[in-house]
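Engineer: When I checked TrEMBL for this same protein, it listed these features:
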type	residues	note
DOMAIN	32-178	domain 'F5/8 type C'
DOMAIN	184-363	domain 'Laminin G'
DOMAIN	360-547	domain 'Laminin G'
DOMAIN	549-586	domain 'EGF-like'
DOMAIN	585-636	domain 'Fibrinogen C-terminal'
DOMAIN	793-958	domain 'Laminin G'
DISULFID	Cys931-Cys958	disulfide bond
DOMAIN	959-997	domain 'EGF-like'
DOMAIN	1009-1203	domain 'Laminin G'
TRANSMEM	1242-1266	transmembrane segment
REGION	1276-1308	region 'Disordered'
Amino acid sequence: MLAEPLTLRLDSRLLSSLQSVLTCVFSPTDSCDQPLASALPASAFSGSSELSSSHGPGFARLNRRDGAGGWTPRVSNRSQWLQIDLGDRVVVTAVATQGGYGSSSWVTSYLLMFSDSGRNWKLYRREESIAGFPGNTNADSVVRHRLRPPMEARHLRFLPSAWNPDGRIGMRVEVYGCRFRSDVMDFDGKSSLLYRFVQSTRNPMKDIISLKFKTRQSDGLLLHRRGRNGDFFTLELVKGRLLLITNSGPRLTDSDSLFVALGSLLDDQHWHSVLLEHARQHMTLSVDRHSRQFQARGQLSHADLDPEISFGGILAPGKSVTFQRKHFDGCLENINFNGEDIIDLAKKHRPQILIRGNASFSCSQPQSVLVTFPSAGSRLVLPGTPAQDGVSISFQFRTWNQAGLLLSCRHPRGSTGFVLRLRDGALRLGLSPSPGHVRSDIMAGAGLNDGQWHSVSLTARRNQLSVVVDQVGVSAVHTALPLETHADGSYHFGGCLSSGSGSECEASLAGFQGCLRLISINAQEVDLISVQRGVLGNFSSLDIDSCGIRDRCLPNRCEHGGRCSQTWTAFHCNCSGTGYTGATCRQPLYEQSCEAYKHRGESLGRYYVDPDGSGPLQPFPVFCNMTDVPWTVMQHNSSALTRVKGADQNNPHWAVFQYEASLEQLRAIIAGARHCQQMLEFYCRRSRLRDPQDGTPLSWWVGSTHGTRTYWAGSMPEAQTCACGLAGNCVDSQHLCNCDADQDEWTNDTGVLSYKEHLPVTRIVVADAARPSSAAAYRLGPLLCQGDRSFWNSASFHTETSYLHFPTLHAELSADVSFFFKTRASSGVFLENLGITDFISLELRSPREVAFSFDVGNGPCEVTVRAPGPLNDDRWHLVRAERNIKEAWLQVDLLPPGTHTAPEDGHMRLQLNSQLFVGGTATRQRGFLGCIRSLQLNGKALDLEERAEVTPGVQPGCPGHCSTYGHLCHNGGRCQERPRGFSCDCELSAFSGPFCTQEVSAHFGAGSSVTYNFHEFYPLSTNSSPHAASFHGDMTLARERITFSFQTLQTPSLLLYVDSFYNKYLSVILAKNGSLQIRYKLGLHEDPDVFNFNFKNMADGHLHHVKINREEGVVFVEVDQKALSQVSLSSGMEFSAVKSLVLGKILEPGDHVDEDTARAGARGFSGCLSALQFERTAPLKAALHPGRSGRASVLGPVASSECGARPGIGRVREHKHARAGAHLVGGGPQPLPAEAARGGSALIGGVVAVAIFILLCMAAVAVHLYQQRSLCATTEVEGPRKQGSNAAAPRCELGRPDTVGGEQQAGL
């Protein structure tokens, strides 16, 4: 199996060791900075061309004035180059340039290439994406650049890329460095070397192996070492990558082996450095500038391996080789084992060296000329050659692109040609388009855009085309038209196809981007150097004698496990299944806490949270109980009561608790919460917590820091006691814990653990349950954390010159910032961090515009977002910004984000060195006036309040949250300010819950009645109830608004009756046929107005919603959100002296009530009433919570229920949606990886068990209610489960049956 993903990093210690071991032996002064070019003869300099003999390359030495004072080519363009042969491989540490002496010719920027043989050039890159060097600004000043890292080469080539626009290219150069010591061996693919250790070379602490290699083969074994019992490790090339395989044990299966891959495109015939450190089971592999650390499986210690190593192949004389590997074909250099030079030992024919096959002490690998097609417009045109029987063409290519035109054959007389193109990673061969004919293609190969070399052999005869890819199979097509070959034809590699009549290219097919080599036409290899010199064929935009392919996925810049793919010019990240999105999978899809979900208006349920945002922790599931300050509930795998018997100090009982999240994830939640707690119940019968003789713990628990905790629930760490010991009420006053009394009857030490630094409980150990009659039992509740300290952490800035300062932002390759702000100012800087030239800044540019600015060395860049309305409206606005190596991204609230794409080959690293300024700038100008809240950098929260306490002009905290979050209070709820946030006051609403969205419902049994009295005849000053504040005996109602829901099977039924002191009334009833009737009697002598709404029978057992709105003499009625009905009153328009509202049975109807209302009132109502609102009163809520108003009286069976809850409202749900405004890639929220989903499987089983138990209990209740002819029996089953999930989420495990026996249950 592959090793777990590890961070690729540059270990300075390892690289220092690698450089000292592999690189060079410095001059006697240990200074590798000597001028190397000034002493060379003129013949060591060469160039692409020269303007005249006095401008030749031989005059290009630094500070020389002979000749014309430097090298100048005949034509100034980007195809020119100046080359130096240093005579032997050296270490190059610096280069310097000048312009032509006393002239207007100088180079302003250039590229540097290097080679060992003068062929196969490679571009030197200062950074992973930066190849160019800044040049000169005049003719005579010297500009020097140190090479970091240094390089080893014999040949250097300077390629001018820009020059003085008022002059020509002109250069004088110098190269600095020192000599390089090299011991080389050439392995021919059949040879190998065995090195047997001399005991003195063994390092007791670790083994260090270092070497360099170069090859043109993508596969081959570099080294192999075996041990006893089948242990071994192997370092080999596989498809151009270095693969370290470790195996522990005799079995050779993937599950027993560990595979670690590093490097890419290592078959480029350039030297690559390898360093392998092996210390016990710890191993470190370094290839060039990349390192990985890992631990070998099993007992693969360096001390247990055999004292011999094979290089180039597996060589084991007298031993059986259980598996074979392809031998290495290439050169190895400076092989070193624990300081021993192995190649030097081989040269001296030392006895510890055994060589098999032909291995020479030089590097004579064949060199092939490569050609790079860097752009879609690059092309190579080669002339046709005479052939009697068609034409055959062969070549090798490598690319990352899925599509591109590779080869086309065109003839001047218009005869049929052929086209070979790459599409979807496969080759397609067919005839070139002809008028009136449809192209028919054959396909060959698959996945050919993998960056590997692939061979192609194409044959075209008179009526047949065939192609072979990688010497596997033959794909052929017969042509209907004759296929002719002409000596005067041409073969076009790359470029594009003409669209027909004009010179335009086909838009559907771009030219090939990649590398070619070994091009042959009719078995004759093409001399590409002749092409470069203009002797053969022609070309455009090619780089001949080099392959410029790069692996942009090494290292993988896709974060959080994102999968990297690439083209020739860019890489892309697939973030599906990671829980993140964005160009590099850095933006979290999920909120940081339950607090954040609450302020999006979400209800209680299971959510994924990501407490460290873009940090390394993965999102994980929690349960959010949305109270005023939300609770986060994290379950574990063992919430049942567990009995312990037979445990002693020699054989203690251990219980290990596994949570849905890792310990690191739980610590992140705990650190960010205001308060955390965990219920721990410990029951005991003759089971002590401490030994009474010496105080040795006999039972204890272990927390997050893995330390033994001997204080128990309800106590604190410093007390080292139990809750009863602190309260002084233990069963035995001589002990500080009940269990230490050692009584022969059940007692307990139960309470809440609330010291955050020790939570969660991960283990419980019991070691005193083996004595006669001794037993113990325990139960651990879920981890509960409340609030989010960072979400409301804020500061208020009162002057433009004030700011908060923090340590420098770490933002070299990527950084993200998120915060809320509110202000009345029109502009101001949110934050700023400076470097020498680099910087990063976020500011409110204008009342409607936020700007994100930065400079990483490519010049200032800016991303802006413009809002449709003012942002200085004193409301909270969310700003999120990110900068990575692919793009910069800015979003304000839920507005479309602004982006800025980074150049593919520009500077990547943001170098900052100043403090981070928040709310202002280093110059104390353009400071921000207002509030900043919940500031997070790279997923870490900054404590604004702590810094604001000691900063003049800045105050901690920021009032005024209802202007932003008040809309979350629904159904008449009022937003109330809190020091940290807000809450919804639902007192005057018919709803409850944190957002006033949970309908208050009641089940009415037969004969039940609820009466709500609006006003009595006593002075208004004695009325203290907010429910009745708007009603008075002398007050006349010209309008009222009534809403409610009901569910019943009974007819006739009284749904609602409102009476007055003046015999006026309103009644809402269901007639005998189930139709809805509304009766108004607002006159003193007239009969009531009766309105029949001939809907279907509404006593059908379904929930119906009714809205009644009277405006003087007009009544509007809406039922079940259908069309609004309008009726007019004739009995009057004033509802005076409202007295009471009755639900259910009317106890004192009076003579003024009409007969139908009296009949319905006498029978009352049986069923469910919900969300009853009469103007600003909630009579049903007052009846169910009588202590709040004292104005409601209840008679008969009226019980709180959830029978009126809307589907999905307030119910426990699994939430998979992304965070608000997430910048999604792929069109929607992404699921988490399967590993994250499997992490909660144990918990899900427990939750299912709880649900089944609760449902069984509710079923029994339902049967009982049904026997009483109660309508809501079926809905009551769901009600308690929801209530238990909502109100009792922190105690959700207490409803489980105990797992102890009957005797214990009685005792407990």
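Counting begins at 1 with the first residue displayed.
Here the Cβ of each residue, glycine as well, is placed from N, Cα and C on the backbone.
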Engineer: Does the structure show the domain 'Laminin G' (793-958) and the domain 'Laminin G' (184-363) touching, where I'm treating 3 or more Cβ pairs under 8 angstroms (sequence separation 6 or more) as a contact?
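Structural biologist: No; fewer than 3 Cβ pairs under 8 Å.
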Engineer: Across the domain 'EGF-like' (959-997), what does the pLDDT come to on average, as a whole number?
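Structural biologist: Average per-residue pLDDT within the domain 'EGF-like' (959-997): 89.
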Engineer: How many other Cβ atoms sit within 10 Å of the Cβ of Cys958 (disulfide bond)?
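Structural biologist: Around Cys958 (disulfide bond), other Cβ atoms within 10 Å: 23.
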Engineer: Six or more residues out from either end of the domain 'EGF-like' (959-997), which same-chain residues have a Cβ under 8 Å from its Cβ atoms?
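Structural biologist: Distant Cβ neighbours of the domain 'EGF-like' (959-997) are 595, 598-599, 601, 603, 626-630, 787, 791-792, 822, 874-876, 1026-1027, 1043-1044, 1171-1173, 1176-1178, 1180-1181, 1188, 1209-1210.
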Engineer: Restricting to the chain of Cys931 (disulfide bond) and a gap of 6 or more, list residues whose Cβ falls under 8 Å of its Cβ, or answer none.
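Structural biologist: Counting only residues 6 or more apart in sequence, the Cβ neighbours of Cys931 (disulfide bond) under 8 Å are Ser794, Ala795, Ser796, Phe797, Phe821, Lys822, Thr823, Cys958.
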Engineer: For the domain 'EGF-like' (549-586), DSSP counts of helix, strand and coil?
Structural biologist: 0 helix, 10 strand, 28 coil
Engineer: In the domain 'EGF-like' (959-997), how many residues does DSSP put in helix, strand and coil?
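Structural biologist: Per-class counts: 7 helix, 12 strand, 20 coil.
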